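Feature annotations, courtesy of TrEMBL:
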- 1-130: domain 'MARVEL' (DOMAIN)
- 30-54: transmembrane segment (TRANSMEM)
- 61-85: transmembrane segment (TRANSMEM)
- 105-126: transmembrane segment (TRANSMEM)
């Protein structure tokens, strides 16, 4: 999208959250961090979604939204890197329950995908912030003006 807000990371983060929440995560402190990262960024992304859905960014025009989104996506990328590494390192093949292992391994996979998706969103947000994301139609209008 033009505004640099992508919802793929939100869906992936929700999967991480659901998969970890369905295990005995409270017995392992490492999964508390993974839960925090996935829940926090899911909620903030929903808030950004509502902001754009209601077009509140037009009312708060003094806020540099492209810069805010770029910083948000960059922070989300870095924290999802730590969540992915934490989640992947804490997965034990000899878990007490086999389904805990399967869900934690899947959560690690989806945390990696969320990390990549937030990284891609950071790239596109950076392009939007720098004004590099113009489409062909607008570039033709400015070229001929």
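For all residues, glycine too, the Cβ spot is worked out from N, Cα and C.
All TrEMBL annotations are machine predictions without curation.
Keep in mind it's a predicted model, so treat the numbers as computed, not measured.
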Within the predicted model, mean pLDDT of the domain 'MARVEL' (1-130):
84
Write out how many residues of the domain 'MARVEL' (1-130) are helix, how many strand and how many coil, based on DSSP.
105 helix, 0 strand, 25 coil
